[in-house]
Amino acid sequence: MANLLKTVVTGCSCPFLSNLGSCKVLPGKKNFLRAFHTHRILWCKAPVKPGIPYKQLTVGVPKEIFQNEKRVALSPAGVQALVKQGFNVVVESGAGEASKFSDDHYRAAGAQIQGAKEVLASDLVVKVRAPMLNPTLGIHEADLLKTSGTLISFIYPAQNPDLLNKLSKRNTTVLAMDQVPRVTIAQGYDALSSMANIAGYKAVVLAANHFGRFFTGQITAAGKVPPAKILIVGGGVAGLASAGAAKSMGAIVRGFDTRAAALEQFKSLGAEPLEVDLKESGEGQGGYAKEMSKEFIEAEMKLFAQQCKEVDILISTALIPGKKAPILFNKEMIESMKEGSVVVDLAAEAGGNFETTKPGELYVHKGITHIGYTDLPSRMATQASTLYSNNITKLLKAISPDKDNFYFEVKDDFDFGTMGHVIRGTVVMKDGQVIFPAPTPKNIPQGAPVKQKTVAELEAEKAATITPFRKTMTSASVYTAGLTGILGLGIAAPNLAFSQMVTTFGLAGIVGYHTVWGVTPALHSPLMSVTNAISGLTAVGGLVLMGGHLYPSTTSQGLAALATFISSVNIAGGFLVTQRMLDMFKRPTDPPEYNYLYLLPAGTFVGGYLASLYSGYNIEQIMYLGSGLCCVGALAGLSTQGTARLGNALGMIGVAGGLAATLGGLKPCPELLAQMSGAMALGGTIGLTIAKRIQISDLPQLVAAFHSLVGLAAVLTCIAEYIIEYPHFATDAAANLTKIVAYLGTYIGGVTFSGSLVAYGKLQGILKSAPLLLPGRHLLNAGLLAASVGGIIPFMMDPSFTTGITCLGSVSALSAVMGVTLTAAIGGADMPVVITVLNSYSGWALCAEGFLLNNNLLTIVGALIGSSGAILSYIMCVAMNRSLANVILGGYGTTSTAGGKPMEISGTHTEINLDNAIDMIREANSIIITPGYGLCAAKAQYPIADLVKMLSEQGKKVRFGIHPVAGRMPGQLNVLLAEAGVPYDIVLEMDEINHDFPDTDLVLVIGANDTVNSAAQEDPNSIIAGMPVLEVWKSKQVIVMKRSLGVGYAAVDNPIFYKPNTAMLLGDAKKTCDALQAKVRESYQK
C-alpha cells in the first residue's frame, strides 16, 4: 500500500501534490481501523528559501576613474572570500594596479578579468567612489549598471541628488558605505572609520615630511633640539589616529574636542586634552559632534588663537554630517604661527577647517605649509583597499547570513543597534525608490549620563574657591582671637598666681600637643590607658581636701575621701592595663628587657624628696615639676614600640612623685595619713583586681568606666572645695575665680561621669548600641546647656551658701542628664570618638582642679590629657571625614556629602565556599588582611594569627591594614592582634598600606564594611563621601567575610560586594576563620 501511494504521488501532476515531502507514513493506532492517514502527507509543503542562489550572482569590481584615485573596492583576499561564499566575481582589467594588486592576483583568487562595460553590468557592483561620467567610454557609469541591479559604494546621498535620480531610473538598489550606522554591531563594516584611521596616520607622516625639525626632543653634543608641539582638533577616528602616531614619534600632543568622551580618549593616548572655560556638551548623533553655541565658539576661537602662537603643527578633522566643514582657524590665526609650521586639513574635501586651505593642494602661505589633500587614504592605496575590501565582505556576509541564497530585507521598523538598523541605514535606494534618510530606530539608548565627579574632584573644586586672601584672613582672625583672649585673661586675672597658672597651662598644652602627635597610631590604645591612669591624679585634689582623723568628720571631707578612693582605682588599674597591652607587643626576637631597673630613678626621686622633707626643705613645687615632666615623658615614650614600656614606667614615677609631694606638703597627722593611705590602698587594690581580670577585648568599656570615675572625682572635689573655701570668699580677692572654676569643673565632671557610664553600657551590651534619637533632642540639649550656663548667674550674684550649693547641685544634675542625652544619641560605631572626647573632658576637669587648688601638677597633667584626647578626637573625625560636632550631636553624613540622591548599585555578587577561598589563598603570593569590628566581636584574632603564621612560613607576604576607626577605641585592633601574637611590624595603618593594594594578589576583609566602602570615593552623594577608606577593591582579588550582605553602621550599601573581583564568603567570622585555619593547615600538610 505504501509503495502504491508513493507511485501515485510521484506520478501525480495535481498542484497540491507537486511539493510532496518525504514525511513518514503514520498507521492507525486502533486495531479495528486498518486505514492509513495519508492526508497529512498530501498537504505538507517544503519551505521555499527567499533570495537568489549565490552561484547565480556576479559581483563586479570596476576600475576607479576618479582623478588620482588609486584604491580598488575588493582586494584579492576579498575576492577569494566572496568566491568561497559562492559568488561569481569579475574584475575590470587593471582595477587593482594602483593598489599593487595585479590581474594575476585576482585570477589566482578566483575572479575573471573583463572590460568596464561587462563589469558594470554585473548583478552586484562594488565601488569606492560614487558612479561618475566615464570619459573613455563617454557614458555615465550609472547608465551602464544592470537594471534592477545592486550597487555598493560611497554615495553621500544628501550631496548627490542628481546621482540618485540616475540610479533610480535603473531601478537600482544602493547600499551607501558612508551611511553605515555607527553602532557597535557595525564596527566591522564602518568604512568611514577605516579610511579616517588611514587619513589620520598619513596626516602625521606628511606633516613630519614637510616639518623642518625632529618630532622628538633631543639633547646632542651639537645642542638641544626641542620637541615639536602638535595640536589636533577633533577626537574622532582620524584625530585619535593622528594623536597616537604623533605621540609615538615623540611630539608633544594636544587635543581638542567638544565632546567629553573624546577628550578622555585623547588623554588615554598621552595627549594633553584642551578645554574652554565655558561648559557645554558637544555630543551629537551618529558619533559626530554637534554645532555649538555662539558663546562657546567665541571661547573656542580664543583658545585656538592662543594655541596657534605656541604649536608647530596643526591637524584639524572637524566635520558636520551633510554640511560644509566649519572654519575653525581664520587667516590671522594661521599667520600668527611660527614660520616653518605645518597645517594639515583633513576636512579639506568638505571645504576645510582653515580659512587658508586650498582643497586638494599643497602650498606655502607666508611660511606656513598647507596640506589640503582630499585623497589621503588613496595615498596609502594598498592598505586602504585592503581595509575597504574587508568592510564590504563583512557587510555582505552580515546582511545575508544564509549559506545558499543572497537575500536581505529592508524594514522601516527596527530596533537600535540591530542588523535591521544596519541594513535600513545603509540602503539608501530600494529598487529605484529613494528611501534616504532612514527613519528613527526604536529603543534609542539615552545619551551617556554626565560623568559624576568624584569626591576628590569636588573637594579640589571646593578648595580652589578659597582665595589666598580668604585663607590668610581666616588664619589672621584665628591668631587675633587667640591673642585677644590672652589679653582678656591678663586683665581679668585677680592675682599673680592666676597669671602664673595660665602660663603653666598654656605651655603644658603646647607640649602636650606636640608630644601626642608623635605617638604611633598602633599605640593609641596604650596612650589612652596611660592618660587614664595619669588622670587619676584627681586623687591629689582629694588628698588636699581630706580631713578628720581615721574617718572624715564633715561632708566635704567625706566627699574628698571618696574622690581619693575612686581616683586610686584609676591609677592602679590604668597602669596595669597599659603594662599588659605593651607586653603583648613584644616579639620573640626582641632583646630582653630589664624594666625593673627603673625602680632606681623612682626610688631616687621619691626617696630623695622624703629625705629633703625630713631635712626641712620644702621642694613640693619642684617635685610637681619633676612629676609633670615624667608624665610628659610617659606620653612621649609611646611614640615608638621600643620606648613604650619606658613611657609607662615614667608615668608611674610621675604619679608616685606627685602623690608623695602632696602628702609631704600636707604633713598630715598619723590618723589622717592612715585614712589617706587606706582610701588609696583600697582603691588601688580594686583597680589592680579589675585590670588583672579584664579581657583585652573589653578594654574600651574599661576605659569608659575609668573615665566616669575621673568625672565623678572632679565633681566631688569641686563641691568639696566650694564647701571648704566658702567661709573665706568674703575676704578672698580670688573668690569669684574660685567659684567660676568650681562651677566649670563640676559641669565638665558631670558630663564626663554620665557620658562615660552610657558609653560603658553601650560597649558592654547593657544598652543598645544603636543611637537613641529622642524627639527634639537638639532642643533638649540646647535647653540643658542654657540652663547650665544660666545657673552661674545666681551662683555668682548671690553670696549665700544655700544658693551656691544649690547651683552646684543643679549643674551637676543638668550636666549628668546632658551627658546621657548626648552619648545615648551616638551609635556604637562612633564610640572611638566618644571615648577620646571623654578622655579630653577628663583632662580639662583635672585642669579645673588645678586652677581651683592652685596646683601646678594638676594643671600640667590636665593640659596633657586634655590635648591628648582632643588630638585623638581630631584624628578619628578626620578618619571619618566628619566634624566633631556631627559626631557628638549624633549626626550622619560627612563634610563632603553633596546631599543629592545616592548612587544606585546594580549587579550581582559572587559567593564562594571555603574550598574556593582556600584555592585563592594558596594561589596568592601577596595578601593583605583588613579586619573590622566584626573581628573583635567574634574574637577571631587567634585563628587569624595562626593562619598568618602558616602563610608566612610558606613564603607568602602577609600584612594587616588597619583603619583608624576600626574597633571601638583607637588602636583596639592593634592590641587584639598583638594579644594573638601577630608581630606589630606587619600591622600597618591605612596611610601606610593604601598604595600597596594595586600590587596585592588577595585581600581578606574580615568583619569590616564602612571602612572599605568604595562609595566614599565614588559617590559624592553618599553620607560617607570623602571618608578615607582602605582601597581594597584596587587589589586583584577580594574575599569579604561577613554574616550577610547587610549594610554597616552608616547604613550605606557597599559597591565592592558587587565588583567583579570580589567574592563573598558569608558566615560567622569566628567559625569561618577557624575553618580557614584548619583547611589551610590540612592543605599544607598533604
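Including glycine, each Cβ sits where the backbone N, Cα and C put it.
Both R587 and V1047 belong to one identically named topological domain in Swiss-Prot, hence to the same side of the membrane. With a threshold of 8 Å between CB atoms, the same-chain residues lying at least 6 positions outside the transmembrane segment (702-722) that come near it are 528-529, 532, 535-536, 538-539, 541-542, 545, 556-557, 559-560, 562-563, 566-567, 569-570, 573-574, 577, 690-691, 694, 738-739, 741-743, 745-746, 748-757, 759-760, 763, 804-805, 808-809, 812, 835, 838-839, 841-842, 845-846, 848-849, 852-853, 969.
Under DSSP, residues within the topological domain 'Cytoplasmic' (723-739) fall into helix, strand and coil as 11 helix, 0 strand, 6 coil.
Scoring each of the binding-site residues (G967, G1026) by how many neighbouring Cβ atoms lie within 10 Å, the top position goes to G967. Neighbour counts were taken at the CB atom with a 10 A radius for the binding-site residues P970, G1046; the maximum falls on P970. Of all the binding-site residues in the record (Y933, G967, G1026, G1046), the one with the smallest CA separation from K331 (N6-succinyllysine) is G1026.
K294 (N6-succinyllysine) is 52 Å away from K117 (N6-succinyllysine) when you measure Cα to Cα. Note: the CA-CA distance between Y933 (NADP(+) binding site) and K1079 (N6-succinyllysine) rounds to 24 Å. A Cα-Cα distance of 46 Å separates K224 (N6-succinyllysine) from G1026 (NADP(+) binding site). Of all the modified residues listed here (K70, K294, K397, K1079), K1079 has the Cα closest to the Cα of R1043 (NADP(+) binding site). The stretch in closest packing with the transmembrane segment (646-666), judged by the count of Cβ pairs under 8 Å and taken from 475-493, 527-546, 558-578, 801-819, 833-853, is 527-546.
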